[in-house]
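According to Swiss-Prot, the feature substrate binding site maps to Thr14, Lys46, Leu78, Arg92, an assignment based on sequence analysis. What Swiss-Prot lists as ATP binding site is Thr14, Phe15, His22, Gly93, Leu94, Arg95, Glu103, His128, Ser129, Phe130, Ile131, Ser132, Ser133, Ser134. Swiss-Prot lists His22 with the feature site 'Transition state stabilizer'.
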Amino acid sequence: MTVANRRIAVYPGTFDPITNGHIDLVSRAAPLFEKVVVGVAQSPSKGPALPLEQRVQLARGALGHHGNVEVIGFDTLLAHFVRSVQGGVLLRGLRAVSDFEYEFQMASMNRHLIPEVETLFLTPAEQHSFISSSLVREIARLGGDVSGFVPAAVLEALRKVREAKAAQS
């Protein structure tokens, strides 16, 4: 078994789009590790609203002020990605009890695939506990105000997606 570098944490997700909840989690994790790698997954099965490269750029823009945070897009098995960046800890956010069952199942599978890597769960600050990318996308799609949930650049990207869809109709 490989010994993983516990000083490198990997925070994987689709980040479609990155939200203030994601940013909060990374901001609180950054002081705990030498390096936090935010892995932006391609996730074609989820049918992302934003292309991978745009999600990577938006995440870099939102997290660039952290000197020890690196944002990387990936389209491989998470276990392979974690090993490729020499991660030793997987970071996952738990917003509510409803997240726990899925996250527990994923942590168990990851323990099987990459036993040298530990999963660490962090809970969001209370003001972010109800934010999810899927809710943000849906509210934005329907013309609602999501400015309190995402950075300005993400708000603009979602506005452009909505306008492009409206132009196609």
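Keep in mind that glycine also has a Cβ here, set from the backbone N, Cα and C atoms.
Keep in mind it's a predicted model, so treat the numbers as computed, not measured.
Location within the structure of each feature annotated in Swiss-Prot.
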| residue | record | Cβ within 10 Å |
| --- | --- | --- |
| Thr14 | substrate binding site | 18 |
| His22 | ATP binding site | 24 |
| Lys46 | substrate binding site | 12 |
| Leu78 | substrate binding site | 20 |
| Arg92 | substrate binding site | 20 |
| Leu94 | ATP binding site | 17 |
| Glu103 | ATP binding site | 16 |
| Ser129 | ATP binding site | 14 |
| Ile131 | ATP binding site | 19 |
| Ser133 | ATP binding site | 24 |
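If you measure from the Cα atom of Leu78 (substrate binding site) to that of Ser129 (ATP binding site), you get 25 Å.
The DSSP secondary structure for Ile131 (ATP binding site) is coil. Here the CA atom of Thr14 (substrate binding site) lies 18 Å from the CA atom of Ser129 (ATP binding site).
In this structure the alpha carbons, written CA, of His22 (ATP binding site) and Thr14 (substrate binding site) are 11 Å apart.
Nearest by CA distance to Lys46 (substrate binding site), out of the binding-site residues Leu94, Glu103, Ile131, Ser133, is Ser133.
In terms of C-alpha distance, the listed binding-site residues Leu94, Glu103, Ile131, Ser133 place Ser133 closest to Thr14 (substrate binding site). Reported as a whole number, the C-alpha separation between Ser133 (ATP binding site) and Arg92 (substrate binding site) equals 15 Å. The CA atom of Ile131 (ATP binding site) is located 15 Å away from the CA atom of Arg92 (substrate binding site). In this entry, Thr14, Lys46, Leu78, Arg92 make up the residues listed for substrate, with the farthest two CA atoms of the set 18 Å from each other.
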